[in-house]
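According to TrEMBL, the features are:
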type	residues	note
ACT_SITE	B:Lys198	active site, proton donor
BINDING	B:Leu7, B:Gly8, B:Val9, B:Gly10, B:Thr11, B:Val12, B:Gly13, B:Ser14	NADP(+) binding site
BINDING	B:Lys100	NADPH binding site
BINDING	B:Glu183	L-homoserine binding site
DOMAIN	B:343-417	domain 'ACT'
Number of protein chains: 2
Amino acid sequence: MLKIAILGVGTVGSSVINILQENKEIITARAGCEIVPAIGVVNNLNKKRNVNIELTDDIDAVLNDDSIDLIVELMGGIEKPYEVVKKALAKQIPVVTANKALLAYHRYELQDLAGDTPFEYEASVAGGIPIVNALREGLSANHIESIKGIMNGTCNYMLTKMINEDVNYDEILKEAQELGYAEADPTFDVGGFDAAHKLLILASIAYGIDAKPEDILIEGIQNISSYDIEFAKEFNYTIKLLTIAKKVGSEIQLRVHPVFISNNEMIAKVDGVMNGVSVIGDKVGETMYYGPGAGGDATASAVIANIIDIARKGKGSPMLGFERSLKQNLTLASSDSIETNYYLRLTVEDKPGVLAQIASVLSDKNISIEKMLQKPDKNDNAILLLSTHVCKEKDIKEALEELETLSYVSSKPAMIRIEA
Amino acid sequence: MLKIAILGVGTVGSSVINILQENKEIITARAGCEIVPAIGVVNNLNKKRNVNIELTDDIDAVLNDDSIDLIVELMGGIEKPYEVVKKALAKQIPVVTANKALLAYHRYELQDLAGDTPFEYEASVAGGIPIVNALREGLSANHIESIKGIMNGTCNYMLTKMINEDVNYDEILKEAQELGYAEADPTFDVGGFDAAHKLLILASIAYGIDAKPEDILIEGIQNISSYDIEFAKEFNYTIKLLTIAKKVGSEIQLRVHPVFISNNEMIAKVDGVMNGVSVIGDKVGETMYYGPGAGGDATASAVIANIIDIARKGKGSPMLGFERSLKQNLTLASSDSIETNYYLRLTVEDKPGVLAQIASVLSDKNISIEKMLQKPDKNDNAILLLSTHVCKEKDIKEALEELETLSYVSSKPAMIRIEA
């Protein structure tokens, strides 16, 4: 028998407790022993919860209870759960967490603290999709060339609706908030930060690289306009918030931003609230993983999978995938080193000579135009939508700065990367 | 250090040896010890092979060599490798295999023989996709409601070409044979037997159910006609060879056959030689796994992942996913119990009253028509293509038998199931 304490009995915590009780027979058979949710720890004992379990608000008593075999950390936040998990690991109590923010900031310290004590976190990335498992165990023979993920269901829901139903950003954000898909302050999701946390976890498994959210390029979807949608449709693209980890030489690019991506790519077919992660390994080629990235039961499915693994075999794989550290001399790439195709949206005065001058600014930076659409806006400006051949991010940035200074460019130009 | 012997140095065996050598540094770091391909066992020592390893044709010497820590079985066939693997397991030597036929027939005996000795087989199902890992570990908290797989790349390549490029079955089979995607005798692939082997392995992990290929419904793609393709296109379907494991009450349906499936389903988007497996769990919902189902390096990626897992932790999960057997009282369903929508293709004399009589045969069996297309063929017959509302397989079979006896039905009617 494995007695577990659940720290945090919200949506996911409740699902963990309920599934362990509902699917007890098959979980016991698969794990080899009964897994008993023994106690739940909450802040507010008076709040009504749909679970059949003893509750307490005394977290220290639980951490000091020697009958508890495993801690499930679902508290939210960063520093508070970090302190709690440290205490558990110091007592060699195995820990399972779904806390991506905790891992985005403290995964290497936690790996050191855990040592031979199991510490698992499948649910922290892409909810119910067993992507940690796939990357850490299933693809372990490969050098990872790239990881491309759709790992924020809120953004994907909004972008899918914007493309399929021609609704604009503000309308769909309001709808997502009403449906409970987006928070009152949606910045953490729509700004790309949630997805960035998940990316950093996968990047450690793939490359053994340490980085914090502050170290990487993060752009959100707040500025996607209906013109961008039109351009995408015209040229067989879709628009996704993509998390990208990519090895280029000895540099690792880690970035989160909206992209134009061809509808023919498998990852482009991941729509609505669903998540998908495409991984390219040097030997296996592309594999892709698809499923629900959020939701109580889906996330709990991943939490319980970790608990069953610990029941089966104790410490399984090394926490971040490497039994020994490997001197690969990999460094984090600067965003200036990105080379790709770019999409630009410019609002300009509709008069002769303007296009020639814009083309000239671009060509001075070695940027050549591949495709272009021109549309009038309601103020009689011309909206220029164009994509470039492959060029350097540094050159694009400089060109954008220069374009912004021109008198006939009437608002800040927008740029979206195109992912080949 | 883990010294391994590779039994069978063909496409996959060569890739296993080469990848262990090429990716040695990262594999050592991930596994925690060096994995050394020490010897390859072949039938013909004179055949040229692109590997840098000592070769022998003396398999018994290898099995009796106490310095060998792990056996990789890639011999092909069933009874010969079964004998070899039994000998290795009797000596408690861990075994990794990619041999789906061996497992389709002997997986439960092998589980018993292995006991606490690691016996792994990720590469036996869907090549480079870590689907055994996902189902056995990642989804272990769930009752599995269904598994739908595209697990034969030959068939999927052929069907994709037939749909996208309007080539017929015989042309595309010839092309697939020239490209090396199909064997001279293609029956094992196009007849559905290869996919059935893989399905049986996954069904054991999902349901703990034992069955042999002879026990289940297996139909191939040999009779798909260009009329079927036309019907699919007209009604937003594609045609796939699908492996299906589905729990209906206490019965498990295990079947392999072509299906019409909506283009909106994620699994329908798996095209060309690629494989995909969609799994629905009662808690997680749908997750889908996509990647290369064959090829030397992709398959070797899965073989080596198993070796690394064994190096990391010895015996990991229980071989077929259950630490303890579970009395679920699940039984194998008869194909008569299937209830779904059906597509029928009838070649009939083009004269008044015929359609009325056919409709009457169907309605006598409680079968009602949902959609219909009628086309003339070059012999001035009418080709009737129709789909039904949900009805019973038993009724469809009886209706087809009756239709075949009618004088104005000029060739054997064809039936393809529609997968909702």
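Keep in mind that glycine also has a Cβ here, set from the backbone N, Cα and C atoms.
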For B:Thr11 (NADP(+) binding site) and the residue listed as 'NADPH binding site', the CA-to-CA distance in whole Å is 16
DSSP composition of the domain 'ACT' (B:343-417), residue counts helix/strand/coil, works out to 24 helix, 30 strand, 21 coil
Within 10 angstroms of the C-beta of B:Gly13 (NADP(+) binding site), the count of other C-beta atoms across all shown chains comes to 28
Whole-Å Cα distance, B:Ser14 (NADP(+) binding site) to B:Lys198 (active site, proton donor), is 23
Quick note, the residue listed as 'L-homoserine binding site': same-chain residues at least 6 apart with CB under 8 Å of its CB -> B:Gln177, B:Asp189
Across all protein chains shown, the binding-site residues B:Thr11, B:Ser14 give the max Cβ-within-10 Å count at B:Ser14
The correct three-state DSSP answer for B:Leu7 (NADP(+) binding site) is strand
Around the recorded NADP(+) site (B:Leu7, B:Gly8, B:Val9, B:Gly10, B:Thr11, B:Val12, B:Gly13, B:Ser14), other residues with Cβ within 8 Å of the Cβ centre, ordered by sequence, are B:Ile6, B:Ser15, B:Val16, B:Gly40, B:Leu74
Here the 10 Å Cβ neighbour count for B:Val12 (NADP(+) binding site) comes out at 25
When pLDDT is averaged across the domain 'ACT' (B:343-417), the result is 95
Other C-beta atoms within 10 angstroms of the C-beta of B:Leu7 (NADP(+) binding site) total 24
Here the Cα-Cα span from B:Val12 (NADP(+) binding site) to the residue listed as 'NADPH binding site', rounded to a whole number of angstrom, reaches 14
Minimal Cβ count within 10 Å, across the binding-site residues B:Gly8, B:Gly10, points to B:Gly10
Same-chain residues at least 6 apart in sequence with Cβ under 8 Å of the Cβ of the residue listed as 'NADPH binding site', in sequence order, are B:Ser124, B:Val125, B:Asp194, B:His197, B:Lys198, B:Ile201
Under a three-state DSSP reduction, the secondary structure at B:Val12 (NADP(+) binding site) is helix
B:Glu183 (L-homoserine binding site), DSSP three-state class -> coil
